[in-house]
Structure formats: structure tokens, C-alpha cells
């Protein structure tokens with residue numbers, strides 16, 4: 001009977017809902033039976049409050065069910081409308097987003113009419129879904145036409161208008177603009193060019209002409225179009241009257257073209273193939289910018305040969321259209337010179353240019369040839385090819401450099417040039433030979449140095465600044481190079497005019513660090529003289545953490561003990577005269593204290609230290625110095641007369657360069673001469689002192705020096721001593737002041 005009356009389906013649903021304890025409306029919705037849903041609502045067979053309590057997102061649930069269908073039925077629309085009329089919450093879950101995704105204007109209108117809160121993001125969704133008709137609807141019901149940052153500032157990127165133009169949805173863009181959307185003209189034009197979006201660019205240039213004309217006329221706009229490589233966009237800009245040869249940042253548009261089809265198009269439209277700014281289109285095709293542009297076009301997948309082949313296509317196009325092969329840029333560099341700078345090259349481009357007749361020995365404004373440039377770029381393959389095509393290996397630039405000078409950092413290049421008869425003793429304008437440069441600038445390039453020496457380089461050549469290869473290697477801590485030069489019997493080249501020696505150029509520094517000490521230790525082994533080395537070097541080596549070996553080598557080489565005279569006491573030390581022994585006591589270097597006393601390496605001021613000086617003993621006691629017991633033991637007995645006389649004679653002899661000669665000419669017994677020169681000292685490894693403490697000590701020591709050197713560069717290496725000039729005391733009394741009676745006692 002229920003079926004005959006047409007309510008059988010309804011009764012069945014009510015019965016099943018009862019069995020499963022579900023709201024009838026919810027069950028009908030789950031079964032997509034919206035006809036029954038409507039009946040339930042129409043006859044109040046489903047309580048609204050009960051429905052909301054059981055499933056508050058019933059509207060959202062219904063919309064998801066509708067979304068899964070192939071088409072939206074009229075009954076669906078009516079059902080949603082009835083739900084809204086019953087007061088279902090239209091802002092719960094994602095009702096608006098679901099409707100926009102379906103693209104149903106009718107459903108969107110129902111939701112909006114019943115209080116749906118719409119946002120700018122909803123406008124973006126409508127644009128992305130190309131639901132143009134919904135844009136006015138959403139705006140009408142309060143969707144902001146523009147996007148705003150949380151701070152309240154207008155934000156164009158990611159806005160509905162930005163998305164519309166990015167995707168060429170010009171109809172949507174037009175509607176948005178008509179409703180007041182703000183356009184970022186520069187951002188929109190740039191985006192259209194970058195994404196090769198012809199339709200959007202055309203829209204911007206026609207429908208938004210007043211807003212975009214300033215941007216369109218900017219030279220960088222045309223250059224961006226050329227880089228993007230879209231011929232249609234380029235044509236649009238040309239049609240707008242842009243100058244095809246306009247210069248921007250020293251580039252014309254064609255100089256930005258990395259695609260052959262773009263180059264050909266621009267040339268066909270009147271681009272000047274030989275237009276010269278700081279460069280030319282032909283030379284610019286060999287620039288790093290062009291290389292990187294080509295690589296980016298092919299997503300950085302090209303190998304070196306493939307990259308060069310792409311460049312050749314550009315060069316070929318230019319030459320076929322009249323480009324000058326021999327033209328140069330502002331600096332005089334030709335395309336050939338540029339070609340040798342291509343990174344990871346296989347010389348394909350270089351050979352192409354040489355085969356086309358490029359001048360192999362052409363010079364730039366500084367006199368460099370392509371071979372110079374190849375050497376400076378460490379490009380062996382290009383250098384070899386240039387030599388095969390007649391490059392002259394001994395041409396000098398204006399500064400006097402040959403390719404060999406510039407190649408000294410690369411053993412393969414040096415070998416190549418020497419095999420091609422490069423002049424191994426060529427001098428630049430400063431008198432530097434390749435060997436001098438190798439010794440100075442390139443660290444331990446021992447293989448290069450060995451090659452240069454083997455091929456006859458003058459190992460004792462002196463440049464105009466008075467520097468020798470040995471000095472350069474020493475000063476720059478090139479120990480392997482130094483060893484090779486010493487093995488080749490290079491002279492130490494003491495220079496009396498400038499008062500320098502190999503050891504002095506290395507050691508006359510404020511702080512002789514470990515690297516300096518390691519390098520210096522090689523020289524005394526080959527009988528290098530300590531002439532011109534500062535007299536306070538022993539003080540500084542102790543403080544710099546030397547293990548005693550270098551200090552002992554220098555003592556045997558002629559460094560006598562001296563006192564440094566201070567303006568004031570430092571570190572609480574009671575005396576203003578500081579000897580090597582005093583430094584050892586102040587820094588508590590027991591091994592050094594013992595060594596200096598036992599070998600009589602002492603000064604006049606040390607007599608006081610060794611004479612039971614209570615102030616010194618108290619100083620050491622307060623610091624719990626390890627050297628205190630030893631000093632007490634030594635100073636307990638009166639100083640031996642022969643030691644006192646020895647110190648007096650040693651001090652009288654002075655510490656200048658003539659000291660050794662005075663001793664050897666003094667007619668003193670040979671044994672005493674050896675004692676005064678410390679030539680028989682044994683080398684003993686001593687316990688090194690803490691470098692950090694030594695650094696601080698030297699800081700205060702230097703600050704307190706009494707004498708000054710107005711011309712000294714002694715402190716240039718340390719930022720803590722700007723403009724400060726000081727030196728140690730130099731005692732140089734002659735033999736006339738020596739107490740001959742004291743000599744007899746010794």
C-alpha cells in the first residue's frame with residue numbers, strides 16, 4: 001500500500017535509519033538520495049536541531065557528495081537551497097571552496113546569499129578554475145579585489161590579477177581590472193617576458209597601455225625579451241617602437257641574445273652587427289655572461305664541447321652577417337683573446353677563430369697577446385694550439401712580462417713554453433725573471449722551479465727591488481723551492497747597501513711564528529750568515545715558542561747576547577734591561593735559563609741577576625717559577641772571575657756586523673775566540689714556552705722599548721702596532737775599550 005501511495009521509499013529509509021540509529025536525513029545524504037532528503041525537509045520528518053547536533057557539517061557533506069557527480073542536477077541545487085534556508089551554517093568546513101572547485105555559479109550564489117564569508121583567496125580560486133563569471137559575484141558579496149599583507153600593505157605577487165596574467169587568463173584579468181584590481185606594471189611585464197607569455201604581454205600593451213608604457217619603454221625590458229628568446233614578444237616590442245640598437249649598461253639588445261634564431265631575427269630587423277660599446281656583439285658572444293646564458297637555456301646539461309659548438313653557431317651567424325673578426329673591445333681584447341678564457345674548454349672555438357684568420361699575435365692595450373691570456377688562465381690546450389698557429393712565445397707586454405712569467409703557477413704550461421724555446425731569463429720591467437716570480441707568488445711550486453733551474457735560469461739574479469730568488473722563497477716560506485735553490489748552490493747574497501740577508505728578510509718580523517722558524521732553520525744548515533738579523537731575535541724566538549734549535553743555530557751564526565733597554569718595567573720584572581736570560585726567567589723557561597748560564601750566553605745586566613738579586617728571587621718566588629731553585633743554586637756562590645771577565649769582554653765587543661771580524665783579528669787564543677763566537681755550542685732541544693703567553697709578552701715588550709727607528713717597517717705585520725717604531729739597544733764598543741787585564745785573567 002505504501003508503494004501504491006508513493007511513500008514506500010521514504011518508509012523504507014525511515015525504517016533502516018531506525019535500525020542503524022542514524023538521522024534519516026544523514027542516511028539519505030550518504031546514499032545520494034537527495035529527492036528523499038528534500039521530502040524529509042519538506043514535511044519536517046527530520047528535526048533540524050537533531051540534524052545539526054548529529055552532523056553540524058551536513059551542508060559540507062552534501063556538497064562533497066554533489067562534487068563527486070559528473071553533473072549538478074536541479075534537485076541538487078534545490079536541496080542545497082533548502083538546507084541554507086533552514087539555517088545550516090554556510091561557513092563551516094570548506095563550503096565556498098567546494099562550490100568554487102565545482103564551478104557552479106548557482107551554488108555559489110546560494111551560499112553568498114545566505115552569508116558565506118568570501119575572501120581574496122576565493123577570487124584566486126575562481127581565477128585558477130577559469131570561472132570568470134564568479135569574479136563579479138564574489139566581489140559583490142565582499143571578496144577584496146586586491147591582496148594585502150598582514151601589515152596592511154598591498155601585495156601584488158600571488159594576487160588574483162597576478163595569477164590571471166601569469167596563466168594568460170586575460171578575460172579574468174580584464175574583469176579584475178574593471179573592478180579596481182591594482183596592477184604592478186613592471187612585475188607583470190617582466191613575468192610575461194620571463195615566461196614567454198605572448199597573450200598576456202599583448203594584453204598589457206593594449207588594454208593596459210597607459211599603465212605599462214613606461215615599463216615597456218625601459219631598455220631592460222627589450223633586453224629581457226631578447227634573453228627570454230620569444231620572437232613574438234620581441235616583435236611586439238619592436239611594433240611598439242623600441243630602438244633595436246638602444247644601449248643599456250654598455251649592451252645593445254643583440255648582445256644579450258644567446259639563441260641563434262633570436263640573433264638572426266634581430267639582424268633581419270636591422271640590429272647593427274658591429275655596434276661598439278665597450279665591446280661588440282661578436283666579442284660579447286664569448287663573454288662569461290653569454291656562456292652562462294647558453295648553459296641556463298639548456299639547463300646546465302651541456303658538456304664543454306657542446307657549449308663551444310653552441311657558441312660557434314652564434315659566431316657563425318654574426319660573421320655571415322658582416323661581423324668584423326679582428327675588432328677589439330675597449331681594452332683592446334679581440335675575440336681570439338676572449339676565446340682562451342672559456343672555462344673547461346676543448347679549444348673548439350679557438351680553432352674556429354684561428355681557421356677563420358684571427359691574428360694570433362695581436363696585442364691588447366697592455367701589450368698582452370692571446371698566448372699571454374691563455375697562460376694567465378692556466379689554459380694548456382689553448383696555449384698549445386696558439387703555438388701551433390704561430391704564436392710568438394717570447395713577446396713581452398708593456399710591463400715586460402712574457403707568457404712564461406704568467407705561467408709559473410702551472411708546471412705543464414712552463415714545460416710547454418720551455419719546449420718552445422721560451423727565454424728562461426727574460427726580465428719584466430721590475431727585473432723579475434720567471435724564477436723570481438715562482439719563488440714569490442705561487443707557494444711551493446717546486447716542479448716549476450726545478451724546470452726553470454734545469455733550463456738555465458739564473459738562480460742569483462736580482463730584481464730592481466734588490467730581491468733574489470732565494471730571498472723571495474725564504475720570505476714567502478716556500479721551503480721546497482728554498483731547498484731546490486740551496487741544492488743548486490744559490491748564493492745567500494748579503495747586501496751591504498740595503499743591510500739585508502736571506503735570514504734578515506725572514507726573521508726581522510715582530511713575531512717569528514712557527515712557519516717562519518721552520519723556514520729559517522733550513523738556512524744555517526747551509527752556513528747562512530746571521531748578518532743584518534736584529535739583535536733581539538733570540539728574545540723573540542724564546543717568546544714565540546722556539547724549541548731552542550733555531551736560537552742555537554743563530555747564536556753559532558753570529559747573534560750575540562744583548563740587552564733590550566725598556567722605558568719602563570713590564571710583567572712586574574724589576575729591571576729595565578732585558579737579556580735573553582731575563583726573558584727566560586720572566587716566562588719561566590727553565591731549559592733556556594740553564595742553557596744560557598751554562599754556555600755563558602750572558603750580558604752585563606745578567607751579572608746582577610746572578611748575584612743573588614733579592615728582587616729577582618722574590619719575583620720568581622711569587623710566581624712559583626720552576627727556575628727559582630736553579631737560580632738560587634747558581635747565585636749562592638760568588639760569580640767566578642773568569643765568567644765576569646768573559647761577560648765584560650763579550651759586551652765590549654758589541655753586537656754589530658763587525659763583531660766576528662774583531663774577534664778573529666784580536667790575536668786571542670783560538671779556543672777563546674770560539675768561546676766568544678759560540679761556535680762550539682751543542683744543539684740541544686729545549687722545552688718550548690707557551691706561545692700565547694709569549695705573544696702577550698712581546699706585545700708589552702715592544703710597547704716599552706726605549707729606542708726608536710723612524711724608518712722601520714718592523715711592525716707593519718701586526719695591526720696592534722700602527723705607526724709604532726722601536727728597536728733594541730745596539731752595543732758596538734770597539735776593541736779599544738776592552739780591558740786587556742781581563743783578557744789575561746780569562
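Quick reminder: no glycine exception, Cβ is built from N, Cα and C everywhere.
TrEMBL lists 331-365, 366-398, 430-464 with the feature repeat 'ANK'.
Away from its own ends, the repeat 'ANK' (366-398) comes close to residues 331-334, 336-337, 339-341, 345-347, 350-351, 354, 360, 404, 406-407, 409-410, 412-413, 416-417, 420-423, 426, 428-429 of its chain (Cβ-Cβ under 8 Å, at least six residues beyond either end). The average pLDDT the prediction assigns to the repeat 'ANK' (366-398) is 97. The DSSP breakdown of the repeat 'ANK' (366-398), given as helix, strand and coil counts, is 16 helix, 0 strand, 17 coil. For the repeat 'ANK' (331-365), the number of residues in each DSSP class (helix H, G, I; strand E, B; coil) is 13 helix, 1 strand, 21 coil.
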